[in-house]
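For 79-84, 113-117, 137-138, LYS150, LYS159, 177-180, the entry in TrEMBL reads NAD(+) binding site. Sequence annotations record features per position, and here TrEMBL assigns Zn(2+) binding site to GLU192, HIS255, HIS272. What TrEMBL records for 76-187 is domain '3-dehydroquinate synthase N-terminal'. If you look up TrEMBL, you'll see 189-332 marked as domain '3-dehydroquinate synthase C-terminal'.
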Amino acid sequence: MPAPNPGTSQQVRIALGDRSYDIAIGTGLLSQPAAWEGLPRAAAALIVTNTTVGPLYAAQLRAALVPHYRQVHEAVLPDGEAHKDWQTLNQVFDALLSHGCDRKTVVFALGGGVVGDMAGFAAASYMRGIPFVQVPTTLLAQVDSSVGGKTAINHPLGKNMIGAFYQPARVVCDLDTLATLPERELAAGLAEVIKYGPIADMAFLGWIEANIDALLRRDAAALAHAVRRSCEIKAYVVGQDEREAGLRAILNFGHTFGHAIEAGLGFGEWLHGEAVGCGMVMALQLSRRLGLVDAAFADRVTRLVAKAGLPTRGPDLGADRYLELMRVDKKSEAGEIRFVVIESPGRAGVRGAPDDLVRQVLADCTR
Ligand SMILES: NC(=O)c1ccc[n+]([C@@H]2O[C@H](COP(=O)([O-])OP(=O)(O)OC[C@H]3O[C@@H](n4cnc5c(N)ncnc54)[C@H](O)[C@@H]3O)[C@@H](O)[C@H]2O)c1
Ligand SMILES: O=C(O)C(=O)C[C@@H](O)[C@H](O)[C@H](O)COP(=O)(O)O
Ligand SMILES: [Zn+2]
């Protein structure tokens, strides 16, 4: 992994040949004209947002876009993971078609990961692909979901089951938007920040441990570093393996268990980040039972997950139900569930595991 950039540059590049793009990270970007220069040219833009984020930030984004696009339309979606579905996705297509949007129209995803995943999937498929820009407003979206081009909606039987790899033209992370984020959502975002430590960067894990209180009180410098380092690590991984043929799967650490929790409870009861936090604890226990890491390491990360305000024990869905839900995971091959495990601190891999071992983990880690 690349070493942390000691400079003050707040630009991280995703290097993907002719699909390369920059992540701009900073404060005041929504109202900084330079952040919006050089975007794809078109007659129209469509801001996709939701009923919570729209009233907070859509006017600022509109003002930034008006100098560049003759028409700036809006699609305001219902809020929540429960709405990451076909019906809500259709609202984006309805808006694009009813406004007569052509194939150059630029979609701007203003919101968290739910808006980003849906707006991105709509952009990937409208007229077989139109440009889009991610404007993430949650910590989780700034450190993870806005970067790397995974877009999707959920199916009642599984998480993110219908989607596409489709890269944005740019990501604009205005750290100021984090000021209005509810505490529970901030904690959810910290799950994906913590994730980068055990899988890729033990120095970053140490930094998060030392700065967890600063992050929880939204210290601006701490948040800026967390967003930048997370994006650097994700940029490296995605740059090596855009479509998850191998390495990229490490970004799924905690997600095999986590997605089962989300789907098993019905999307929206646990936040994605909460499920991932608990899923990482389960994946660490599996790594320990496979003899890859010791109990001290698993406990160390578990303590950090708890300190971030995230659950460390899963709901009791029953082991059979967990296994059934996890078999739907996109990493499964020929019916075998494959887990992201920690091979050694700072290094992850993907493996199958005997069902009885997984059952022991579930017995240890559920209420
Ligand atoms: N594509 C990827 O690579 C990727 C990566 C990680 C997660 N995801 C997906 O992202 C989703 C989770 O994203 P999320 O945690 O951002 O959830 P979210 O999009 O539901 O946003 C969380 C909540 O915060 C509100 N909100 C957003 N910004 C706000 C702000 N600045 N101030 C006040 N409220 C604000 C939202 O309206 C929502 O109620 C999941 O669906 C997950 O599967 C995708
Ligand atoms: O970018 C990736 O790759 C990830 O796995 C990031 C995850 O945090 C994210 O939740 C992603 O949407 C999960 O991917 P999926 O392929 O398991 O749906
Ligand atoms: Zn995730």
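Just so you know, glycine gets a Cβ as well, placed from its N, Cα and C.
In TrEMBL, annotation is done automatically, which means it is predicted and not curated.
Overlay of TrEMBL feature records on the structure.
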residue	record	DSSP (3 states)
ASP79	NAD(+) binding site	coil
GLY113	NAD(+) binding site	helix
THR138	NAD(+) binding site	coil
THR177	NAD(+) binding site	helix
GLU192	Zn(2+) binding site	helix
HIS255	Zn(2+) binding site	helix
HIS272	Zn(2+) binding site	helix
Looking only at the domain '3-dehydroquinate synthase C-terminal' (189-332), what is the model's average confidence as pLDDT? 98
All chains considered, the count of other Cβ atoms within 10 Å of the Cβ of GLY113 (NAD(+) binding site) is 27
Cβ density check for THR180 (NAD(+) binding site), other Cβ within 10 Å (all protein chains) comes to 12
CB contacts for THR177 (NAD(+) binding site) [other CB atoms within 10 A, all chains]: 25
Greatest C-beta neighbour count within 10 angstroms, which of the binding-site residues HIS255, HIS272: HIS272
Where the distance is taken from Cα to Cα, which of the binding-site residues GLU192, HIS255, HIS272 turns out closest to ALA82 (NAD(+) binding site)? HIS272
Within 8 Å of the Cβ centroid of GLU192, HIS255, HIS272, the other same-chain residues by Cβ around the recorded Zn(2+) site are LEU140, ASP144, ALA191, LYS195, GLY254, GLY258, GLY273, ALA275, VAL276, GLY279
For HIS272 (Zn(2+) binding site) and GLY113 (NAD(+) binding site), what Cα-Cα distance in Å is obtained after rounding to a whole number? 9
ALA82 (NAD(+) binding site) has its Cβ surrounded, within 10 angstroms, by a count of other Cβ atoms equal to 14
